[in-house]
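Comments concern the structure below.
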Amino acid sequence: MKRLFRNNAHSIMENIMLILAIIAVSSMVIFHHLGQGSIWRDEAFSVELSKESLGVISHVLFTIEGNMYLYYVILHFWLNVLTLFHISWLAFPVRIPNAVGYVLASVALYALLRTMYHTKWLAVMGVVFFLGFPFIVTYSQQARSFSLFLLFTVLSYLSLWQFLNAPRHRRVWWISYVLTSTLDLYSFLNSLFYVAAQFILVWTLWRKGDTDRTHFLQFLWALALGAGLGLPLLPPILAGGQVGWVPLPTLSEAIHLIPTYLEQSLTSPLMILIVLLGSFAIVAWIRLPSTVPSWLQLTHRDEMALWFGLTWMILPPAESYVSSYIRDYHVFDPVYLLPTVEGLIILLVGGLKAIRSLQTQLTLIALSVFLVVPQWIKGQGVSLENWRQPVLTWAHDYRAGQEIVCMDNIGGCQYTIQYYIDAYHLPIKIGNYPGHFTWNEYINLPAKGAYFAEAVNVNKLRQAGYLKPGRSIWFIFNSVPPNATVSLDHWLHQHAVMIKQLTGHNWPVSFVLYHIK
């Protein structure tokens, strides 16, 4: 009995040490250069919306936006904490919740792999792979909900696995599945594709006899309860969300989904290794005596894990691809399918575990580490759009009394400028010019053109007093269609003098100062 307790204590301590190591390494990967990349317009949207009251946040999200509600609520309280301690809303502190979500997702993935395959070191190897996807690191560092999406997706799959397989506490895991899948939905609407994949998975397992009818019916009740909890999101879901800008996908984009996450070509050594390990898993999973080599084997539990991994990896991208051609739901985008990588990792670990030869396993693990670890530093501190440099350059030239007109608010012009004014405590105030951005207008404007229609309307600007003789106005351009400003350009050419123009290489925004004659 004493020996049994000693063994259990040793196993628990080993698990704790491995989890601490995973926390340390994943923190190093995600926190390194966390504040280096510029806050860009989507992140500025997060901050500017999250600083509003919970009532405004709910009104915007449950009316038109729909996506990432949980993240905005978390960021709302996090900004209050930063304000309480007089910490400016710069890139690094604003992104801390995202980094924490990525670290927790790494730990949750380890827990899932450890539970599925009953092997600690292969579970650790799965986390090593997870940290080696630079695309995921890049977007997990952004002040968006991507790391929460990764976290709650893996937690929902962990809860589902335990509900179907754990000998005890199944009611607890059923409740856990309802909560985590609902939180996943409130983190990112694309989680619906993963829930649909889970339904197909459980239905398949039931038809195969790997789970009984009672579990299947209880799972359906869990889905029904989750749907009830997600009802507030129904209006924006039916409206299609704010994803019309996403182009329709091509077959090539679908084929290159995993290489996109790796930032590697289809023929790179790392991609070849991933295909090799995945092939081992699939060949062993098929379990046809004529095709399975004697040096590959899987247990029934491993086979079930591969069902999880394959449906997780394949079905959501396929569903989103098809949905993009239905009712104009443009939802196939690598950014919206990040948890697909977690399903791939289940497959890769299954491929390693299927190999009987310990020597071959160790050789492939060593090769994997050699190819994957250099990937850990590729996705850090990336600027998706460099707004910081142009806005701070413009702020240096701005003088008190000069007016400001942001020309394109659908492209995030005003709220991005406002973020930098607040974060860097700049002595600049944006007035209520025609077409200025408000959350009420964001909800009610019927078309994207309305966001800049008034800002380029000479009569509207004149009525608001912006075109009075002697005034100086900064016109800020983000992505206004060229033909939209023809009338205003003609008026300025006749009645104003251009004093200064600020543009730069790869600047997403430009600034032009006019003095009205």
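Using N, Cα and C of the backbone, Cβ positions are placed for all residues, glycine too.
What TrEMBL lists as transmembrane segment is 12-34, 69-92, 99-115, 121-139, 146-165, 185-206, 218-238, 266-286, 298-315, 335-355.
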Establish whether the number of Cβ pairs under 8 Å between the transmembrane segment (185-206) and the transmembrane segment (298-315) reaches at least three, counting only pairs separated by 6 or more residues.
yes
Does the transmembrane segment (69-92) come close to the transmembrane segment (121-139), meaning at least 3 CB pairs under 8 Å for residues 6 or more apart?
no
Please work out which recorded stretch in 69-92, 146-165, 266-286 has the most C-beta pairs separated by under 8 angstroms from the transmembrane segment (298-315)?
266-286
